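Taken from TrEMBL as is:
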type     : residues  : note
DOMAIN   : A:20-439  : domain 'DUF112'
TRANSMEM : A:20-53   : transmembrane segment
TRANSMEM : A:109-132 : transmembrane segment
TRANSMEM : A:138-159 : transmembrane segment
TRANSMEM : A:166-184 : transmembrane segment
TRANSMEM : A:204-223 : transmembrane segment
TRANSMEM : A:259-281 : transmembrane segment
TRANSMEM : A:355-378 : transmembrane segment
TRANSMEM : A:390-408 : transmembrane segment
TRANSMEM : A:414-443 : transmembrane segment
TRANSMEM : A:463-487 : transmembrane segment
Amino acid sequence: MGAMEGFMQGLEVAFSFQGILFVLIGVIAGTLIGMMPGLGPISAIAIMIPITYGMNPSTALMMMAGVYYGAVFGGSTSSILLNAPGISGTVATSFDGYPMAQRGEAGKALAIAAISSFVGGTVSVVLLMLFAPALAQVAVSFGPAQYFALMFLGLTAIASLSDGSTVKALIAATVGFMMATIGIDGQTGTTRFTFGNPNLMEGIDFLVIALGLFALAEICFLIKNRKDDSLSKQGDIGSLKLGKSDFKEMRGPMSRQSFLGFILGVLPGAGATIASFIGYISEKRIAKRPEEFGKGSVKGLSAPETANNAATSGAFVPLLSLGIPGSGTTAVMLGAFLVLGIQPGPLLVQDHPDVFWGIIASMYIGNVFLLILNLPLIPYIAKILKISRPLLISLVAIFSLIGVYAISFSTFDLYVLLAFGVLGYLMRLFSVPAPPFILAFILGGMMEQSLRQTLTASGGNMLALISDPVSIGLYIVSLISFLVPLIRTRNKNDQSESEQKAS
Amino acid sequence: MLKTLNQKLSLFLILFASGYLYLTYNLKEYPYVPVDSDFVPKVLGYVLIVLAVFLYFDKSSETKEEKEKRTIPKKEILVLLAVGAMIFLYIFLLELLGFVLSSMLFVFGCSLFLGYRNHKVNVIVSVIFPLVMYLSFNYLLQIKLPQGILPF
């Protein structure tokens, strides 16, 4: 089937009554959850997964995609209004968005964010449509050795590119991988690390870990900050109108960052956070008046907002065409696919064209919804932020618990969920990043399988892993990704040294 | 010897990895494959030990922000533990009382405990939310949540 034909089929699925309805639900739910301080796309997707049980896979996944980019957008709303980014991908948004809101131009800031997100999202969906099938065609010929190399790259990239200590990120990834080894080994039937507990035979379900490490752990932070009532003080947001000069300012960043953000989103490990920071920095560097950045510059707000939404669609390229998530969020997204019995990867276009093209087509609708929803409704949506924290905490807790119960019908998994909630909270306290953990957990099983397939075929010869140019290239890129944090720390040291000298 | 937080974490991780490796070496052997089920876990165990050693010698000190995040007043620790205990109790009661009743108790009790003082809204939310969830899961999604002692 040609791409055009496939896309038409996707449009048909997306424009059905069900399609439109569930994309709308997804976008709204994502925006609302993403707006809550602390709850980002990972929690949003994990919380929404139970709702998809029993749904038609293509509709369900269109909704989940809506949740994803809705949550990214919702995060920017709280960045602008409260200077409290829900997720790291919208931290750069607060640099110029919040000063603008403080000047009484919150409405304008929200409008700029909505339009930039729309442009970034829409342009990158076009790119996604062009690149994903092409990449899938290349990947069809990949064997287990190449897949192993690819997943290895995904893991090392997220560990070395995540903020904070690389060693801690790698530790998180290793422990996440260890969790994936619990249960019956698929190849030999050996039970591993179950301590004789029949509940652990099939391993730990990914939703238990995703909801524990993210949603429940975030609750702990909400509990600590429950008395923060900055939300209820939020007053009028002012006019949403933009002038001609504003559009002129936005044009440059929007056109550049749509492409740059997309490319960074495709790369494993990079994603929305890095895209938004690079977008911000690069626009500041080429701006005629860089001194305005940080004080409520239109360019400074438009750049990260365009970039983070473009990166969101970019992240779907490796997920849809290789079946390999490059970030914590897409890892949970992969989990959502698997729950519905869909294995994303190079064969997805052939086997489930309705899902593949449906998701892509639905993103066009979703982005329009986001724009329509956000421009006129934002003042009302912002009011929902005033929901009392104690009530919110209890409701999120119930949502997480029931999400897990609905897949396993066993209270054992709920106790495990609670344990992972505690672990997630401790990890945050000790500044150990959680996304590498969930990514490694989800990739772990797949990685072990492809590693052992490769080694079984070669009779245990380790050289089989590096016997072809594709794998060798991927390992080299993984090694290079380790140099990034080294350069970063050196830069930081140089900076602090020069600062010391200056003072 | 264990001055910094990193060193304490490192020691804990080494102990964890050793326990994991101990279990790995006791896995049942399966003779007919070139790579047995203990191969990957062994690699992981040793990798974790190496990483923990790196962490031990990691000199980067905590940023102010990180330290601030880690200091929790004693009273808050008690609050966190209490909420944890409530969730524990909720799980325990879930299959005994059923989803609706235990959720009502949890939402009302937990919100009240955390300082929510609008009792009217609290009662309304804690009655309606579990009922709506229960009915939509049971009848719309066909996922049977625990019925407990209620007749529906």
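In case you wondered, yes, glycine gets a Cβ from its N, Cα and C as well.
Keep in mind the model is a prediction, meaning the values are calculated, not measured.
For the transmembrane segment (A:390-408), the partner stretch with the most Cβ pairs below 8 Å, chosen from A:20-53, A:109-132, A:204-223, A:463-487, is A:204-223.
The highest tally of CB pairs under 8 A with the transmembrane segment (A:20-53), across A:109-132, A:138-159, A:166-184, A:204-223, A:355-378, is held by A:204-223.
Sequence-distant contacts of the transmembrane segment (A:463-487) (same chain, at least 6 residues past either end, Cβ-Cβ under 8 Å): 142, 145-146, 148-150, 152-153, 156-157, 160-161, 166, 269, 451, 454-455, 457. The stretch from A:138-159, A:166-184, A:259-281, A:355-378 with the most CB pairs below 8 A to the transmembrane segment (A:204-223) is A:166-184.
Under 8 Å from some Cβ of the transmembrane segment (A:355-378) lie the Cβ atoms of residues 6-7, 9-11, 13-15, 19-20, 23-24, 26-28, 31, 57-59, 61-62, 65-66, 69-70, 73, 77, 107, 110-111, 114-115, 117-118, 121-122, 125, 128-129, 132, 237, 240, 313, 316, 320, 342, 348-349, all in the same chain and six or more residues away from its ends. Contact check: the transmembrane segment (A:109-132) against the transmembrane segment (A:259-281) gives at least three Cβ pairs closer than 8 Å, residues 6 or more apart, which meets the contact criterion.
Residues belonging to the domain 'DUF112' (A:20-439) score a mean pLDDT of 88 in the model.
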